[in-house]
Amino acid sequence: MSSKKQAIFISSLVILWYSSNIGVLLLNKFLLSNYGFRFPIFLTMCHMSACAILSYVSIVFLKIVPLQTLKSRSQFVKIATLGIVFCGSVVGGNISLRYLAVSFNQAVGATTPFFTALFAYLATLKREAWVTYAALVPVVTGVVIASGGEPSFHFFGFVVCISATAARAFKSVLQGILLSSDGEKLNSMNLLLYMSPIAILVLLPAALIMEPNVVEVTLSLGREHKFMWLLLLVNSVMAYSANLTNFLVTKHTSALTLQVLGNAKGAVAVVISILLFKNPVTVIGIGGYMITVMGVVAYGEAKRRFR
């Protein structure tokens, strides 16, 4: 009975993780491309605000994880650096959704292992087995093929999406290096608690300078569309839920299970986005994405075997 309850609990977590990730992705696309809300920096600031508030509530009041305090100014500087890189990756991902279909956005995002391996080698000069690097060839090849077969390909959107993917990989490598000592390690929920306010401080002036009419247009859209504020609220809460459920799924499953579930999540997001937004796709584009996903799976398996 206990194992049955455990299975139900983990299944529920995975469903919530999928729902949060795919939900925030689709809502981002809807708000930025279909709703007239063309403010990716402000949208990211809304996400970070929700993450800051809900992280504090979850850790301090609900005690989902113990509160970890910062021990030095050096540790704060490292977390601030991570926060800025993380902030850049999220903003870049949101900007790319203005120009790219969600399906192609996910195909490009699947190249994260390639950039992670590249930055890990450049930062530490530690080599993996040659089989591991060989598995990255289809990861990149698949995206090249998918780009050629993408009917709504947008060069600027593609460059921003690639940059956001690289920034996300760089953040994970940087996190491993900067917070490697036992005294400085933070779990992902505490790291989010400290990174989110830093991200808000960076995003607020950026939004005011680069999106000067954001307040005026947002208030106008709020008067025109009665569900505008609800959509923004749900979208922001989902952004936090995606981080929380990712942490919980990681905690209650193995790294391999998480990787498999993550690959499947991307495929589910692609299918749902095509059905919802009806963006045109080609056989070449779908084939390219499948090659990339197979490369990611092979890369994960190679790393596991040759660790």
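Cβ coordinates come from backbone N, Cα and C, glycine included.
For reference, TrEMBL has these:
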TRANSMEM  7-27  transmembrane segment
DOMAIN    11-299  domain 'Sugar phosphate transporter'
TRANSMEM  39-64  transmembrane segment
TRANSMEM  76-97  transmembrane segment
TRANSMEM  103-123  transmembrane segment
TRANSMEM  130-147  transmembrane segment
TRANSMEM  153-170  transmembrane segment
TRANSMEM  191-209  transmembrane segment
TRANSMEM  229-249  transmembrane segment
TRANSMEM  256-277  transmembrane segment
TRANSMEM  283-302  transmembrane segment
PLDDT averaged over the residues of the domain 'Sugar phosphate transporter' (11-299): 91
The transmembrane segment (153-170) in contact with the transmembrane segment (76-97), cutoff 8 A, at least 3 CB pairs, sep 6+: yes
For the transmembrane segment (39-64): best-contacting stretch of 7-27, 76-97, 103-123, 130-147, 229-249, by Cβ pairs under 8 Å: 229-249
Stretch-level contact, the transmembrane segment (229-249) and the transmembrane segment (103-123), CB cutoff 8 A, at least 3 pairs: no
